[in-house]
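A quick write-up on the structure given underneath.
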Amino acid sequence: MEGQSVEELLAKAEQDEEEKLQRITVLKELELEFDLGNLLASDRNPPTGLRCAGPTPEAELRALARDNTQLLINQLWQLPTERVEEAIVARLPEPTTRLPREKPLPRPRPLTRWQQFARLKGIRPKKKTNLVWDEVSGQWRRRWGYQRARDDTKEWLIEVPGNADPLEDQFAKRIQAKKERVAKNELNRLRNLARAHKMQLPSAAGLHPTGHQSKEELGRAMQVAKVSTASVGRFQERLPKEKAPRGSGKKRKFQPLFGDFAAEKKNQLELLRVMNSKKPQLDVTKATNKQMREEDQEEAAKKRKMSQKGKRKGGRQGLGGKRKGGPPSQGGKRKRGLGGKMNSGPPGFGGKRKGGQRPGGKRRK
Amino acid sequence: MRPLTEEETRVMFEKIAKYIGENLQLLVDRPDGTYCFRLHNDRVYYVSEKIMKLAANISGDKLVSLGTCFGKFTKTHKFRLHVTALDYLAPYAKVCEVVSSATGDEVKDE
């Protein structure tokens, strides 16, 4: 029994080995093209197996993928290997397939001010020699840079020119002049750069006042100016006959094209149900807002009545009416109104105060 | 191409409901596949989800039509039902009236 099982095991092992060999070796009509630098294998064999596979070629596709991957791995195993930190690594050759550009070609930059000028005048760049003969040191020196031929900064004697102030520091003046030149150069460089980058955002087309702008550009510039305040144009007044700008509201957002179909269906069925129910649906928020507004209006009306009554009787009754303050106040508004009237003073001056009070009262309303 | 907004669906359903009433939910919820309404250039198209996915690959300015056109929204956002919708509305129509004229037979649903 054990003998049999051992034989069986051996036979099985042999079979497995054969199968493995079979699996590793793949037969193809045309050899695949390998670009191991990109880990790429191109199979040029005609896909006859796939075509006669039927509606679900998944099994055939999977087999094809396995075969091709096996061939690629076989190729990889043939590469020279090296050891990198306890791992055996195959060294890939240079990639042969040329991959297309990832990003689009860069836009041609606009010419700098100097380039425009040179183009106008027809100035070509003169070829200059790298080294210049320096008399002072008696050797060939660079034209500019470290240890240059005619270095201004190394001069130990500067003659004061005839028209200059004798107490002026000529060395400091020279240094100052150099700093100014450097700063000016830097400014121009940055301006050229800014011009180059601005050209890539052509949205500011009409916003620079040129005097030759079209009506639409001017309108757009005006809109932009209006919105460029701290409160994004909310409190900017319009001219008396100016019309509101078109299309400056929020952009509408729509549902995505392939949104959840089930949700869409549910919403539509709900809408249908509501439509078919033939009952006016109660919009809770609208109802509560309406109720609140009505209450506020009632209060305001009552307050107005009270203030009118108080004024009419104020002259005759004197403090009485004012002191009592009318019916109990319902809110802060009422109290405030009373407080104002209390400050009006003793009734003796009621006549004068009436005149003064009424416009004040009206203003308070 | 985009799905309809709430407002637009409501307007459209109100119009169609005048012809087919409650059977409208059979159009929305079909047993043989998911169909949906999509808006393209102010026209409403009734299209199956499979075909809509294919039509999504066509750019908007080149797309002429998809599925069946049920009707269009006018400039003032009213819905006008087109005769092309008849094939889908006829089975669910509540009342069918055949009117024959010199030019041919017309079938009117109510």
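Just so you know, glycine gets a Cβ as well, placed from its N, Cα and C.
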(message) For the feature region 'Disordered' as recorded in TrEMBL, pick the matching range from A:152-203, A:204-255.
(response) A:204-255
(message) At a C-beta cut-off of under 8 Å, are there same-chain residues at least 6 beyond the compositional bias 'Basic and acidic residues' (A:235-245) that contact it? List them, or none.
(response) 219, 223, 226, 229
(request) Tally the residues of the region 'Disordered' (A:204-255) by DSSP class, grouping H, G and I as helix, E and B as strand, and everything else as coil. (result) 14 helix, 0 strand, 38 coil
